[in-house]
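K.L.:
Features from TrEMBL:
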TRANSMEM  40-60  transmembrane segment
TRANSMEM  66-89  transmembrane segment
TRANSMEM  125-150  transmembrane segment
TRANSMEM  170-203  transmembrane segment
TRANSMEM  249-271  transmembrane segment
TRANSMEM  277-296  transmembrane segment
Amino acid sequence: MKFKSKTILRAARFFILITLQIPVKHFHSNIVVQLIYRKVWFLLMVNQFCMILLTSLNVYHNINNIIVLVEKISMLMLHIIAIFNNFYWKRHEHEFYKMLDDIRIFVKTSNKSTKKLFNDYINRYVIVVILINVFSVPSIFSMIFGPIFLPQLFPLVDIYPFEFQKFTILYYFLFFTQVVAVYQLLINTMVIFNSVVLLTYIVTEFKVLFNEFKKVIKKYEDGQLNVFIKKHIQCIEYAENLNYMLRFMILRCFVTVIVTVIFAAIPILFYTKIFEMIRGIAIVITSLMCVLAFTFPADDLYEMGEEIAHAVYDSNWIGTSLSLQKSVIIIMCRSQKPLVIKVDGILPALTCKFYASVSKLIIIYC
């Protein structure tokens, strides 16, 4: 099944609305609705912060039970990811919305071949996001329905710093807050989806530019080449801005995935109940695939910068006009700096090769 670009953008718009990532003024002009929107976001953040404190309390309480301890640490990392994503996207909400608006205009004004190219890339990347949701659903349902099949009172944590009676109003309220926290864990995959859409857009832009460079240099069109040089500069700036937006989120994703996989994999070796094993396996697979969703488009972006340099160099540009030769040299010099998603000194270039080495290290350690 293939998804059209319009369907993908509608999904991205829907996801950013239900995850409260974008100021509601972009969707609704009513002041009352905007006020409710802000209050709901604030309450969700308070709920997530309380879950971090409660999970930390449960970690301390189970300090002598290694199996339960590592499971709670794994859940603690997931909660930290959730609240980090919400604050991170809240900080970059205006830039994020502007980028999505640029994509909407790009898709609307592009010709059929460009739309097809965008569709091909997005369908290639979105498969991983779909698989993330497929594997995350069992873990989410196992959390919500855990009290039915397992000797526990709540989906996530059972220990509170105060006493309460089962099947009371307070009990159901606490149960509801944990279900909301589970929902907040689920919508983190939607954040990944929106990030993949942004990466797909810039990869498509570079691919279109790559094809145009080959046509222009082949026909020796000096004036048209200068137009594409400016477009190349704009694409590089967009890629750098995107790297600035996503790099720390991807770094956080790598660190938390390593910790989550290790701590979630340990209980799998000791659990005897199939229900708990399914939950642990689903968390491990989902965590690994979350990073993979970023890796595919980031790897294509890395290769695209090199392809443009090779295409220009391999063209028959020697012996052409002096101005055309200068333009070609400018393109090759700018293409020497790879277009990568990275954090200098901490996270190397995000490529499939790097992901494979990290995954191998995690599997060997586990």
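Glycine is no exception: its Cβ is also placed from the backbone N, Cα and C atoms.
Unlike curated records, TrEMBL annotations are generated automatically.
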K.L.:
Short question: which residues 6 or more past the ends of the transmembrane segment (170-203) have a Cβ under 8 Å from it?
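P.N.:
Same-chain residues near the transmembrane segment (170-203) but 6 or more away: 8-9, 11-12, 15-16, 18-19, 21, 44, 47-48, 50-51, 78-79, 81-82, 85-86, 89, 96, 99-100, 102-103, 106, 118, 121-122, 125-126, 128-129, 132-133, 136, 140, 143-144, 147, 153-157, 160, 164, 235, 238-239, 242, 245-246, 249, 286, 290, 293-294, 297-298, 300-301, 304.
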K.L.:
Can you name the far-off residues of the same chain, 6+ from the ends of the transmembrane segment (40-60), with a Cβ under 8 Å from a Cβ of it?
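P.N.:
Contacts of the transmembrane segment (40-60) (Cβ under 8 Å, skipping residues fewer than 6 from its ends): 20, 69, 72-73, 75-76, 79-80, 82-83, 86-87, 90, 156-161, 177-178, 180-181, 184.
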